[in-house]
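Quick look at what TrEMBL lists:
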- A:129-425: domain 'NADH:quinone oxidoreductase/Mrp antiporter transmembrane' (DOMAIN)
- A:6-23: transmembrane segment (TRANSMEM)
- A:35-57: transmembrane segment (TRANSMEM)
- A:77-100: transmembrane segment (TRANSMEM)
- A:112-130: transmembrane segment (TRANSMEM)
- A:165-187: transmembrane segment (TRANSMEM)
- A:207-234: transmembrane segment (TRANSMEM)
- A:246-266: transmembrane segment (TRANSMEM)
- A:278-296: transmembrane segment (TRANSMEM)
- A:316-336: transmembrane segment (TRANSMEM)
- A:374-394: transmembrane segment (TRANSMEM)
- A:414-438: transmembrane segment (TRANSMEM)
- A:459-479: transmembrane segment (TRANSMEM)
């Protein structure tokens, strides 16, 4: 079906242009800035929703311009890209509402919102990239525009975290570039293709080179998706303001890495070629180690945001695990976790931000009885945490169910053991927080950091986590209906992957 | 090379990029009071003449011109192909923006020196003459004129360090030109012609040709500061006033490189052996690593930037083995030219923003920059964005250059060059962000002197061009392909 080729470009411009304009506004023009920004977000959300609806009916949006000889900048919005786009556009809107409350009264807000918007722009580019060059282009852009957000407070700790982030990200980007160029020399621009672009290229005798390229690409992508041992930057980046952590963990940076792994395995190499090269087994092992190590490290942390960060390390590897265990169910479990983890983790970070901003508490050991003061916040937190553990019918359950099903179908039992062990660890690091907050008595009166308001905190801080917590319930409950992410994944499976939708939702 | 007679304009355009700056130089020398307005307006008029020539070459192809109407073997031949106009455009755009900056910079403090303008405009005329000459002796004249005015610019600020650096620069410049002149004499003696086209057709691998190639190559490598002949560059570039440093690193270094590029690919191929080609490439690769590593260790901002120039020049020489002796117009060749082009913008932006910062905080120690973002955010942004191009991240021109060079390295199986290029990027990230980090840190920062906004805008414009050059890669490459032999 013919679709407007400029739509993908408009999606980029809808966040790029307002962000650039905002750099020019001073903090005195906060009102104008707010409305410009929110307007841009609503436009972007509408654009991607309209595109998703038409894509469901079979439309494919493609826009391309020549960038280098033989290599075009291709933006292509198929179902997989739109899954990521809808997620990022929706959560961007919620995060901005939240940021309006969180950042109020702090300096350099224009810079903050400007780079925040650029970060979302780069994410949209990563989502829509139609070949490896374009993917690399936006992936590196993402590194650059996230750096100012990580060091936003310009404190000693923030600068240190920024340095760590850059070291990892630029080294990773270099490995990725080497892989991309080597592959370009072997096989040309490598458009992302259903079933794998290389499967048809007849590179049978290049096994060693292809394996090396796969390793380089995964090294590069593994940094952003925090695959152990390339994860070191993620816990350090926790010094960023809460809205940044929320977006970084839910959609932008880490998901860009996981999304790249998905593209490389399914649409560059293709499952059959990757299996033939024998690279998926080691990738699955790396993912399993990351799942367990991340959970284990989360358990050791007393700082709430750090615990959440290690939890991200662990949860992201579910996506990689799903990708590397071939088969329709495991794949569905991996892809759907992009969305499920997004809504759950953003809720948790929103809540952590509310607690820090309202009561000045950042450590888990200080959270005794905090639910008495912030009941609604802690309801949202608890829902998301239980979802992370995989309690049915919440979002995380759907993921784990499909991952387990996929592993069992393949006759591999060790991933099941990893899933069970990780669920136990998830419970071990989330339940104590819930227990403390709800069942322990507060050690004394809380120190209020914000002026009293009608609700338990500023409504702009409270609304976003409540919305995302509700989504955690809804995407789980409605998983197999038209509105669920899983349903959309079956569309992806049909359109972009070598699977039939019936294999996912019978 | 297929010169075309047709012309887009009713008069000969090819001489104006040389004549206009010469006129401007003379006028600003005679009328020192009006030097600034004369200099700046000459800069923009020259840029216009370059744009007009570019359009003509774009529309009708490469063109040659015989000065005074005498044909090639007797007269002086000018020649403009894609490569020439790309280099002219580089000098024109970077030169115009540096002029805008200089007009503000030399009004600050005790730096009110009108002599900057005639020197700079003579330098510009020499650069353009080099980019347009089709005759090895005229190239020598261009080189000498360029060398002398560049030395003048280095000592323009006065002071002992400037004179020491200037003297060293003068010696290097003279040795380089002398080696070149000897090479020219050998070639003329052996083949009896100075014209590039005739020479290319008649050159044979005889000892005189080898000696000439060696002399010219060593001379130009010295003037371009190829590792290990780079020793003179950091102190010279770091001691000059900011606009001069920007001119030297951004433009002057490119002229001798351009010369080598043209001679090696269009005149010398018959006289080159693979060993020489690989040697010069290896020196380039070492230069990348050595320059970057030393840039990381500097405590003065301008020295850091100057060592970065040594590293970035290394990339230029890597193109020789990647392209092979007959690689005119190949991926590696285009990658090298784009590297020269985008480095001019990025490095000029860096030196100019460093000049603004150093003036504002009073010295150019990197540690003194703590908190300077508060006072001069645009200069820090300009430095950072220029750095993005030096690192070679998209969408910068540096990215296009590295992409093309890496493609060639992987494509020809010369993985060690790929490794040097990639490691160079990492090290560049190291020294660029080291400065950015300091600028972002440190509370309130020192009380900064007020600087005119024009300085910040000029350096930011250069940095933005370098950053967005990647989007213009396709037309730029198409322009470069004009005049490439089929």
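For all residues, glycine too, the Cβ spot is worked out from N, Cα and C.
Automatic prediction, not curation, is the source of TrEMBL annotations.
Counting residues 6+ beyond its ends, the transmembrane segment (A:459-479) has Cβ neighbours under 8 Å at 91, 94-95, 97-98, 100-102, 336, 339-340, 343-344, 346-347, 350-351, 353-354, 357-358, 376-377, 379-381, 383-384, 387, 392-398, 453, 485-487 in the same chain. Among residues of the same chain six or more beyond the transmembrane segment (A:246-266), those with a C-beta under 8 A of the stretch's C-beta atoms are 80, 84, 87-88, 91-92, 95, 98, 116, 119-120, 122-123, 126-127, 129, 135, 139, 142, 146, 149, 192, 196, 214, 217-218, 220-227, 234, 237, 240, 274, 280, 283, 308-309, 312, 316, 319-320, 323-324, 331, 334-335, 338, 341-343, 345-346, 349-350, 353, 496-497. Contact between the transmembrane segment (A:112-130) and the transmembrane segment (A:6-23) is present: at least three CB pairs lie under 8 Å, with pairs separated by 6 or more positions in sequence.
Touching of the transmembrane segment (A:278-296) and the transmembrane segment (A:6-23) is ruled out by the presence of fewer than three CB pairs under 8 A, sequence neighbours closer than 6 excluded. The stretches the transmembrane segment (A:77-100) and the transmembrane segment (A:165-187) do not meet in space: the count of Cβ pairs below 8 angstroms, excluding pairs fewer than 6 apart in sequence, stays at fewer than three. The stretch from A:35-57, A:165-187, A:207-234, A:316-336, A:374-394 with the most CB pairs below 8 A to the transmembrane segment (A:414-438) is A:374-394. Nonlocal intrachain contacts for the transmembrane segment (A:165-187), taken as residues 6+ away from its ends with a CB within less than 8 angstroms of a stretch CB, comprise 71, 132-133, 136, 139-140, 143, 146-147, 150, 197-198, 201, 203, 206, 209-210, 212-217, 219-224, 230, 232-233, 236-237, 268.
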